[in-house]
Amino acid sequence: MLFKQQAWLRQKLLVLGSLAVGSLLYLVARVGSLDRLQPICPIEGRFGGARSQAEFPLRALQFKRGLLHEFRKGNSSKEQIHLHDLVQQLPKAIIIGVRKGGTRALLEMLNLHPAVVKASQEIHFFDNDENYAKGIEWYRKKMPFSYPQQITIEKSPAYFITEEVPERIYKMNSSIKLLIIVREPTTRAISDYTQVLEGKERKNKTYYKFEKLAIDSNTCEVNTKYKAVRTSIYTKHLERWLKYFPIEQFHIVDGDRLITEPLPELQLVEKFLNLPPRISQYNLYFNATRGFYCLRFNIIFNKCLAGSKGRIHPEVDPSVITKLRKFFHPFNQKFYQITGRTLNWP
């Protein structure tokens with residue numbers, strides 16, 4: 001009897017030991033190789049005046065990402081949140097547009113930086129009168145939990161083209177950083193059309209061809225009443241924003257380059273946001289099946305954008321493409337002049 005009890009006890013200890021070793025190995029892997037390469041992440045303040053020169057261990061920030069997911073689901077008490085010094089902050093930077101320019105890709109890629117925390121959904125606070133009437137505290141509560149030294153970023157591409165938005169954002173924070181990601185205007189317009197077309201087809205609805213929408217059949221000129229065309233006249237929208245914000249508070253991201261060569265674009269954004277450089281080539285890998293870059297947070301966690309990204313565009317009459325590019329050309333030149341950034345658009 002004693003022998004059986006001893007054997008049972010040894011078996012229990014062996015199981016418990018295996019569980020402990022397995023848990024330890026998981027925790028070691030979870031922090032990822034970035035901890036070994038970049039042990040310290042200094043956060044230098046430039047938003048809203050002076051900021052303490054805080055330093056976060058990357059391990060703590062990556063552990064934080066797991067905590068934030070639980071807090072966001074409501075699985076933690078106010079005491080637990082307070083224990084970790086987590087707060088819901090108003091954004092210090094906003095990706096204001098442009099629709100179909102790559103706003104989601106930009107947001108997800110910036111979230112690779114340990115000092116950046118993103119709002120998962122488009123809030124549509126400043127462009128939606130009903131939401132805006134709910135007040136700034138409603139908006140704040142839509143933000144993710146973060147450490148005070150981190151930067152919260154949200155993206156709502158409708159902000160760029162909605163007339164009321166610049167003034168509303170200015171009233172919230174006149175020194176906020178504004179990110180605009182743009183693509184070649186004709187390509188962006190076709191991408192815009194493609195997304196709407198897919199939605200119509202999903203509902204078994206018919207839809208006009210792109211050529212019929214983009215070109216006025218009466219005048220044979222570009223139809224500026226078509227929203228996809230109007231959105232691509234970037235300079236017209238930017239001029240409205242410049243009534244409230246100086247050009248120094250904007251950063252233009254090349255959406256076409258972000259697809260083919262994302263790292264240089266992300267490094268420019270890090271510099272604009274006054275963040276220490278932390279995103280590296282390690283964090284970005286090309287997925288040949290998907291046809292674009294995916295994200296690597298550490299040796300355990302990888303992420304690709306949703307399957308709806310990178311839709312195949314329908315064929316468009318080359319003469320229509322030529323007409324649109326000729327139409328957009330003077331607006332593009334003015335956009336380059338205002339922003340100080342020349343892009344390789346035809």
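Yeah, the Cβs are placed from backbone N, Cα and C, and that goes for glycine too.
Curation does not apply to TrEMBL; its annotations are automatic.
What TrEMBL lists as active site, for sulfotransferase activity is Lys100. Long-range Cβ proximity for Lys100 (active site, for sulfotransferase activity), meaning a same-chain Cβ under 8 A and a gap of 6 or more residues, is found for Pro157, Arg183, Arg188, Ser191, Asp192, Gln195.
Annotation comment: TrEMBL describes Lys100, Gly101, Gly102, Thr103, Arg104, Arg183, Ser191, Tyr293, Lys309, Gly310, Arg311, Ile312, His313 as 3'-phosphoadenylyl sulfate binding site. In this view, Arg104 (3'-phosphoadenylyl sulfate binding site) is surrounded by 17 other Cβ atoms within 10 Å of its Cβ, with every protein chain counted.
Taken from TrEMBL, the feature disulfide bond applies to Cys294-Cys304.
Mean pLDDT across the domain 'Sulfotransferase' (91-335) comes to 95 in this model. Per TrEMBL, domain 'Sulfotransferase' is recorded for 91-335.
Across the structure, Cys304 (disulfide bond) and His313 (3'-phosphoadenylyl sulfate binding site) are spaced 20 Å apart at their Cα atoms. Cβ contacts within 10 Å of Gly102 (3'-phosphoadenylyl sulfate binding site), excluding its own Cβ and spanning all protein chains shown: 28. With respect to their backbone Cα atoms, Gly102 (3'-phosphoadenylyl sulfate binding site) and Cys294 (disulfide bond) stand 14 Å from each other.
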